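Pulled from TrEMBL, these are the features on record:
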type: TRANSMEM; residues: 35-55; note: transmembrane segment
type: TRANSMEM; residues: 75-92; note: transmembrane segment
type: TRANSMEM; residues: 112-129; note: transmembrane segment
type: REGION; residues: 284-304; note: region 'Disordered'
type: DOMAIN; residues: 357-637; note: domain 'ABC transmembrane type-1'
type: TRANSMEM; residues: 390-410; note: transmembrane segment
type: TRANSMEM; residues: 469-489; note: transmembrane segment
type: TRANSMEM; residues: 495-514; note: transmembrane segment
type: TRANSMEM; residues: 571-600; note: transmembrane segment
type: TRANSMEM; residues: 620-640; note: transmembrane segment
type: DOMAIN; residues: 669-893; note: domain 'ABC transporter'
type: REGION; residues: 945-974; note: region 'Disordered'
type: TRANSMEM; residues: 999-1020; note: transmembrane segment
type: DOMAIN; residues: 1006-1290; note: domain 'ABC transmembrane type-1'
type: TRANSMEM; residues: 1050-1072; note: transmembrane segment
type: TRANSMEM; residues: 1129-1162; note: transmembrane segment
type: TRANSMEM; residues: 1233-1254; note: transmembrane segment
type: DOMAIN; residues: 1326-1560; note: domain 'ABC transporter'
Amino acid sequence: MCKVILLKCCGLCLYNDSYLDREDPDLPVCVEQTVLVWIPLTLLWLCAPWHLVTLCRRTQVNTKHLSKLYLCKQLVVSLLFLTAIAALAVTLGEDFGPNNDQPSTQKNPGVYYANPVLYAVSWVLVLLCQEGVRRTEGAVDSATLFTFWMLQVLCDIFPFQTLLREALRQGEISDVPRFCLFYIKFALELSAWILSAIADISPDIEERNPEAGAAFLSRITFNWINSMVFNGYKRPLVQDDMWELNEVDSTAYLNNNFQFFMQSELAAARVHLQNWLKKKEDRDRQKAQEEALQNGLSNGLGKGVSQDVLMMDEEHKDEKKKKKKKKEEKKKEDEDYPNSWLISTIYKTFKGILLESAFFKLLQDLLAFVSPQLLKLMIAFTQDKTSYSWVGYLYAVLLLVVALLQSLFLQQYFQRCFVLGMKVRTAIMAAVYKKALVVSNDTRKEATVGETVNLMSADAQRFNDVTNFIHLLWSCPLQIILSIVFLWLELGPSVLAGLVVMVLMVPINGLLATKARKIQIENMKFKDKRMKIMNEVLNGIKILKLYAWEPSFQAQVEGIRGQELTVMKKFAYLTSVSTFIFSCAPAVVSLATFAVFVAVSEENLLTAEKAFTSISLFNILRFPLAMLPMLIAAIVQTSVSKKRLEKFLGGEELESDIVQHDPTFDSAISIRDGSFAWEKEAEPLLNNVSLDIKPGRLVAVVGAVGSGKSSLISALLGEMHRKKGFINIKGSLAFVPQQAWIQNATLRDNILFGCPHETERFQKTIEACALVPDLELLPGGDQTEIGEKGINLSGGQKQRVSLARAAYSEADIYLLDDPLSAVDSHVGKHLFDKVIGPNGILKDKTRVLVTHGVSFLPFVDEIIVLVDGKVSEIGSYNSLRASRGAFSEFLDTYAKEQSNQDQSKKGNYSQDTEDVELIPESQDAQPDSPLEDTVSVTLKRENSIRRSQRGGSVRLRKNNSIKKSEDAGETKKGQKLIEKEAMETGQVKFSVYLQYLRAMGWGYAVIVFVIYFIQNIAFIGQNLWLSDWTNDAETYFNVTYPAWKRDTRVGVFGALGVAQGFFVFLGTFLLANASVAASRILHSRLLNNILRSPMVFFDTTPTGRIVNRFAKDIFTVDEAIPQSFRSWLLCLLGVLGTLFVICLATPFFAIIIIPLAFIYWFVQRFYVATSRQLRRLDSVSRSPIYSHFGETVSGLSVIRAYGHQDRFLKHNEITIDENLKTVYPWIVSNRWLAIRLEFVGNLVVFFAALFAVISRDSLSSGLVGLSISYALNVTQTLNWLVRMTSELETNIVAVERVNEYTEIENEAKWITDKRPPEKWPEEGRLQFDDYKVRYRPELELVLHGITCDINSTEKIGIVGRTGAGKSSLTNCLFRIIEAAEGRIIIDDIDISTIGLHDLRNRLTIIPQDPVLFSGTLRMNLDPFDKFSDEEIWRVLELSHLKDYVSGLQEKLQHEVAEGGENLSVGQRQLLCLARALLRQSRILILDEATAAVDLETDNLIQNTIRKEFSHCTVLTIAHRLHSIMDSSRVMVLDAGKIVEFDSPSNLLIKQGHFYSMAKDAGITQVEDTVL
């Protein structure tokens, strides 16, 4: 029927075989004029409605500019419309024209009418569609129109060549007008297609993001990122090179969407939870009633039973109950929050992108199965020598087209999945941050700051990783089913044999994985242990050097490292077993299948078609089988994260109505009968509190420790649960917490805290808060960057910044939670006078001040006294004193403490503070001292005042002008204390690879390479054998296949497969040994060198940076490098093997290799440079997210008090966006690379097929199958090779970083050839001979020519102001710093001539900070086990610790916690004394501990030293002059010179430097001080 209509329509036959069954095939004209016309037009008509919709929306006509491109497009289509009209006119003219000679029966066929009309209407439609695209917001071109034009041109190629061939055959053109019109139309269509590939970018799409202006072709090939890739190749990328994000990828947009769905889902989940709890309650009640009934019965019956049995019964019941209760509690905890809403929220938020990616994945999966079928046809073609060669070319082209489409779909799928992962992570991070700002205290208590930050980093990342591959959940089973179906069609039931083998692999892999996990956990334990010790070593490095204890700790670390490497070796062996199984799998599977296939029946011959189609199907099957178990494991891990996130995000929020803000009240703060608790269930901490505070009053809140002062402030801030009563606050709040909260921002930003900057107001604030002198000292003034947690400010400075923030905010009400406790009493007075007090800058505001400072109380308007959470009295200072209540008791308690402190500075308050200037601590040197660099100041002051725990950082000095050095502005060389860490850029040097190979051992490296090479040969051999085997099918055609031949074939095939596996196993095994050896060498080199580095290195390098070398970099060397090295080697050999096989089959292919290799290398170099830098930028921009979050969580109450939640949310969004700006290009750069490499891979397939067709006469079908099936596999391997190269390059950087620290200059040798006598120093005489020293070569001198003699057993006190060089002197004795000139002689030996350990072992120091290491008490006293237990007990007795230690359970084996946390400071100091007593050296240096020790311990130490060290030379660095008044002589240092050196009594008579210092300390004569 159809044919008849078409016959009428075309006037020609539609189709017959004769057209194709010849050497130069062609399509019938009828097909060209009907089917080929309809295909593109159908697409157009189907897609047109989408574009026309925008035209119908009249509401918001976007009359965008008419670009030249748009006009050209419309012009071309209009011309096409004219050609259609012309074609119709020609036909009409021919049929009905005046010169129509033909009889009416011979009219033109219907097609000549239908087509022009069809085209004319279609071109009008295209005109409308193009207008629609122009009006669409943000559209630059149309994918559908591009595809339509492409199809149109492709379909017109057939009539194009038909007409040409016809004209050439006839020698003339039979139908000139139609001939001309067709070629004009073709030229116009080609132009339209080219124009449709160009993006029509309007000027208002800025250059911020090229993606927005990318055309369809550029979008599918990711060409738009070219500019960034080129940039990255030319120079390392920086954050400024990143493009703006698309609106839909930005954090704010994602967060809004996510929150919208989350609220409804969460509400539903909460309702569900309520219902469930209600049901549970009802059930429990019923149970209880039933139990009660039963108990009643049993009691009646049990009267006769003996009491004992009953008792036992009861106990048993109780125990059962307890267990049950525990179980129930756990269950309750698990289900006590709304659950199972997160996944649905994520699904609803990102539904669109999920479905799109699923669609692409489905297409790609289906296309994957087309290639094996084409391969099968290709092999059949080479076997059938009669078929025409164009069939082969067609197959080759089809293989290329299928592969290209597959690549395009796969990359679009990956792009969407990775972007989805990124979006999910972003949404979760933003949600967690938003929640953290409003979370209630109950929820906050359940998770530490670290855990909450983990939600944001680890858990969000888990979701990211899983969503990348979520579609595999349905795609893997689909691929498995399809593979099995196609295999069944090839080989019948024998497939099951191979399948069974594959399925068996899964549990074996699972078993190995669980074993591996166990080993990993053990490994982590040793890692943690090693890192803990390393941390302590680095924190206490100074002590290790002073005591010469490095070898002991080096041995400890090496011991743990040894255990760690043993475990690592185990893990590596396990890996090699699983690699063996994994690499054997394909060989065994194909062996099982083929062996069963040929064994089942004699008719079953293995042909090339069957064998190679099956092998390519097995290759497809390997991926889903390997991925499924991994995916399931990942999902299990993510479900843990899901629970944690649901618990946190579904947790309770702060009630917003606790505090009311009603402006009609006349008092600023009023509480009526309020009771408040920290948790909902808890007892109230504050009971029946009623307060009324009038505006503008200064109210002090006092009370004993724990009476609820801070809780009162929290209640006013709305941070507590209200049990009853209400609070009203009139006006805005400012809050100063007890522990200052400082942001990682500039000092100015910390004070402004989001308010606009007004110079005058700012100046006034910092003057009042005593910050001016500090600003002069800080390198950048108020623009100085403050580190995390205010690390580069002292405690007092932090507190003053916190106060300045409040003062600047100009709020109505100030809540000050004991801000004066962290500062010195003088500074406290200044702050009270200038800021808080009746004459301060806040005098007109309402102030609530929690304080312990009794001295301020007379100046406040009102005092509230709290006792045990109740208000006990309220009134003015005098009325409360008179009433003799709780307040008087409080005064008595605190006045005693204060009077002790104030003894020395009596009368300081009576003076007017105007003439008392504030001198910041660190500039307390004498006026003539040169400006020093930060390093030396830090080093000098190490044992000085800052360490004493007086938090204040400003002291008062009367009428002494603040000296500002002229060149303070220019930062001197070395002025920066901490150098910025070098971030490696550019390519990794080849020498680094050689260093790693050298560490592995050249022998190992070569053997491993050779073994892998042999394995590759076995692999190729096996496949060549298979191709030879398949040729038997032709030899033994219609002949019985001999059994011996069959067995030989199967046997050799199997043997080669097993050999392959064995060599991989051997190679991996040896590589494991080699890499463990390399790890051992690199680590011990690093450790060895770090311990031998001079002290200055540790002072200028943050501990974290060194720890990072030992943690992350060593981890990379241990685990990542061997892994990526192995994969890289296997990939490389795989690619080379593939190319070899293809060249073997078709030698022509060798010509193509060179250009392909060039393209490949070119693309890879570009990619690696960019990707590496984007990775680095990603990790750099990721840490601010977490640190800002950690900061926010710790400063929550401050942020809430000031009401700045929105500002912080905004800041968080910006921070995450900065990170996304690097993550997004990284994702795209991966796709950019993949699509280009796959293109290279697809060309390999194409040329392999093409050359197979060209040389098919000389080829066996087996070789064709072999070379093409190899080629089909190469795409993935190529992709992997680049990934591995880039990963190896990223990882090998770790070796570079580790080596960087093994090349640090060492201090002097520990032991030299010249060794001092055994008993040296016997007398303990010290001589300084014109001794000069500087901390680093480029810095100023610190000691300027010290010359003095100290006799045996003299007791010398060393005094001087901060920075005078006291600590430097001790550092020189131990050669922590080496002499610049001059020498120190001890008992006639120049100390610079002997080894450091010989020197340091013979001197003893009791340092200012008692540093202990985790380990036993005994190890802390005697790490080398030199002394007997008796000696240790003797020194413990002398240092008053014997009673304490013998009272401990483990005595000397008692474990000391990290940093000695489980001992008091006094006990730690006494342990240091015990160390000194144990060493019994003739020279003792005492670096006096000031505030660390209470007076009692101090007394004990002093007495022991006097008694036990009476025969020694003792040098005491004193901070408290009392302790050295009984010295033989006192050395007064100033600016690195000795200014006075005599007995204390003589110095007091002299009335020089020492006299003025003694006077300050309140000492006037020597007798005063005997303790």
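Each Cβ is built from the backbone N, Cα and C atoms, and glycine gets one as well.
Under 8 Å from some Cβ of the transmembrane segment (112-129) lie the Cβ atoms of residues 9, 33, 37, 41, 44-45, 48, 51-52, 55, 74, 77-78, 80-81, 83-85, 87-88, 91, 142, 145, 148, all in the same chain and six or more residues away from its ends. Confidence in the domain 'ABC transporter' (1326-1560), given as mean pLDDT, stands at 80. Remark: the transmembrane segment (1050-1072) contacts the transmembrane segment (571-600), by the rule of 3 or more CB pairs under 8 A.
If one looks beyond the transmembrane segment (469-489) by at least 6 residues along the same chain, the residues whose Cβ comes under 8 Å of a Cβ in the stretch are 354, 357-358, 361-362, 365, 368-369, 372-373, 413, 417, 495, 498-499, 593, 613-614, 617-618, 620-621, 623-625, 627-628, 631, 634. Cβ atoms under 8 Å from those of the transmembrane segment (35-55) belong to residues 27, 115, 118-119, 122, 125-126, 128-129, 131-133, 135-136, 142, 144, 147-148, 151-152, 155-156, 158-159 of the same chain, restricted to positions at least 6 beyond its ends. Sequence-distant contacts of the transmembrane segment (390-410) (same chain, six or more residues past either end, CB-CB distance under 8 Å): 23-25, 220, 360-361, 363-364, 367-368, 370-371, 374-375, 377-378, 381-382, 1234-1235, 1238-1239, 1241-1243, 1245-1246, 1249-1250, 1252-1253, 1256, 1268, 1275.
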